[in-house]
Amino acid sequence: MAAAIRHDWQHDELQALFDLPFPELLFRAAAVHREHFDPAQVQVSTLLSVKTGGCPEDCAYCPQAQRYNTGVNAQKLMETDAVLAKARQAKAAGASRFCMGAAWRSPKDRDIPKVAAMIAGVKALGLETCATLGMLSGGQARALKDAGLDYYNHNLDTAPDYYDSIIHTRQYQDRLDTLEHVRDAGLKTCCGGIVGMGETRAQRVGLLLALATLPAHPDSVPINKLVQVAGTPLHGSAELDPFEFVRMIAVARIVMPRSMVRLSAGREAMSDELQALCFVAGANSIFYGDKLLTTGNPESERDLALFARLGLQPMAVQVDAEGHDHGGTVHADISADAPGCGCAHAA
């Protein structure tokens, strides 16, 4: 019988999980995964930057911050037709969810109708919709919900006690407030963080504790591995031990058993073997395509080959224009013949 979903985890409990011998931790995580999901099914999503660069914030990892010299130039919000063309390509390539990211601190009210038109158009294609636009007011969240948005991404980024080492232009409470607005609007939440930014294991525990003790567990939990970009303050940071990354995936799966745990930014640099360990540990979602906002992602052909080697299949989903989920009725095609959320790190 599946264990009860908990929101009262304690730091020492999560620390004890992190500290388990690696084989024991993977065994426990895989067992929890099988209680709630088919371990051979992986959700496939595509992420598009609909407004790149020029962000006024100072997130130390982000090449889209205008204060850093990273070679990322500010661009205007894309036209709806161009976004829908990308969404059609993503669907043809096998994506079941289409995420749109904009490098804003928060959208202006005048931006919402433009984004709403993108959302409605993508939903009409039969794709799940996700957006990451920065901080939202309650009214903005409701407007996006009315347009047909399914998921909103807003990451916590790191543990509360490490946050001030990474970001100074937005408070941790600001992030929690946006998540509350998103939940109150009836949107599903996509919320995770980034590891490999110089934090300690105890602070990685702190990030997962913050996520697992939210009023509702995020529907999707993206775990990003820092992509170091020249010009950002975190460029040159020590690399995170790959096994530590797998531990992060495994503990996320155990404490948030019904959430989709997504391999997000940093996957381009991961070996097939490391990704396979992550799938065993409970990861069941990836971003598919060659770019995540402004950073690389594995080439589609590499993903196809890895899925074939591991016997994995894309998760089946079909969403109609009214937002009804008909999971299991249509299988996405990511065969090699198929045509080919915001900051640098994935939604």
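Even glycines carry a Cβ here, placed using N, Cα and C.
Source: prediction; values computed, not measured.
The following features are taken from Swiss-Prot:
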DOMAIN    40-258  domain 'Radical SAM core'
BINDING   C55, C59, C62  [4Fe-4S] cluster binding site
BINDING   C99, C130, C190, R262  [2Fe-2S] cluster binding site
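Cα spacing between C55 ([4Fe-4S] cluster binding site) and C99 ([2Fe-2S] cluster binding site): 19 Å, rounded to the nearest whole number. Counting other Cβ atoms within 10 Å of each Cβ, the lowest count among the binding-site residues C55, C62, C99 belongs to C55. Most Cβ neighbours within 10 Å among the binding-site residues C59, C130, C190: this distinction goes to C190. Separation of the C-alpha atoms of C62 ([4Fe-4S] cluster binding site) and C130 ([2Fe-2S] cluster binding site): 20 Å, rounded to the nearest whole number.
Rounded to a whole value, the Cα-Cα separation of R262 ([2Fe-2S] cluster binding site) and C59 ([4Fe-4S] cluster binding site) is 21 Å.
Of all the Cβ atoms in the protein chains shown, 25 others lie within 10 Å of the Cβ of R262 ([2Fe-2S] cluster binding site). Distance from the CA of C59 ([4Fe-4S] cluster binding site) to the CA of C190 ([2Fe-2S] cluster binding site) is 19 Å. Reported as a whole number, the C-alpha separation between C99 ([2Fe-2S] cluster binding site) and C59 ([4Fe-4S] cluster binding site) equals 21 Å. Straight-line distance linking the Cα atoms of C59 ([4Fe-4S] cluster binding site) and C130 ([2Fe-2S] cluster binding site), rounded to a whole number, equals 22 Å.
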